[in-house]
Amino acid sequence: MAEVASQETEFAAFAFGSVVERRDELEGRPWISYPVRVVADTPELVAVYLSHGTLLTFGDGPFSWGPHPWGPFGDRWQSAGILQLHRPGRGHSVWVLRDADTGAFREWYVNVEAPWRRTPTGFSTLDHEIDLVVPADSRTLRWKDVEKFEERARIGHFSPEEATAIRTEAADVAREIAAGEQWWDTSWSRWEPPAGWHALLQSFETEGS
C-alpha cells in the first residue's frame, strides 16, 4: 500500500545550492532517485531544481507497481531543467515546465503525490498518478492520468482511505487554481538557475532512511 505521509521536520533545512536526493519511495525502497539542487527550504516552501542530463537511478525490483515509468527513457533526465515547488504538508508539488528549444515558460504541472518527507539526504515522496496541467497565463486546467489512478485504487495499490484523500487533494488544488488562489507565487515562472547548475551525475545510497 502507498502511504499518505506527513512532512517530518527532525532534520535541519538545506542551504541554497545544496545537492540533495529527491526520491519516490515504494514499499520501503527507492523506486526512483535523483540529485537536485536546493533553491529554497523554509516552513512554507521547498523548491528544488532538476537539471537537464541529471542521472536517474531506478530501484531494484520487483515492485508491486512494476518498474518506474521513466525507465524506458533512459537513465538521464532528457527534458529541460525543472523547478519543483512543494508546500510542506500538501499532497502535491508544482513543476515549472519550459519549452525545450526556447526555454520559455510553458505550463504549471501539478504532480499529485505524498507530502514530501524530509530525510538525512533530501526528500522522499511517492507519485499518486493524478496530474493537473495549467498552461501559461491561464486558469484553465487539464486533468491527466485519472484513469491510471483509479485503476491503481481498484486493484488495491491505494487503500480506500488513501484514495479518498488523494482525490480530495487533487480537487482542492484544482479549485484553488480556478479561483486564482493557488499557494505558489507565479513569479517562479521567471526564475532562472544560476550559471553552472549543470547535470548532476552522483547517486545516493539505496537504503531507506
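Each residue, glycine too, has its Cβ placed from N, Cα and C.
Note that the coordinates shown come from a computational prediction; the quantities given were computed from them, not determined experimentally.
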Checklist entry - Swiss-Prot has Glu129, Asp131 down as binding divalent metal cation 2; which of Asp137, Asp145 does it also list for that site? => result Asp145
Checklist outcome for this item: Candidates Glu129, Asp145 (binding-site residues); min other-Cβ count within 10 Å returns Asp145
Next on the checklist: Sequence gap of 6 or more, Cβ distance under 8 Å: name the residues on the same chain that satisfy this around Asp131 (divalent metal cation 1 binding site), in order along the sequence.
Outcome noted: Tyr109, Val110, Asn111, Val112, Trp143, Lys144, Asp145
Item to check | Residues within 8 Å of the Asn111, Asp127, Asp131 Cβ centre (excluding the divalent metal cation 1 site residues themselves) | outcome: His92, Ser93, Tyr109, Val110, Val112, Glu113, His128, Glu129, Ile130, Asp145
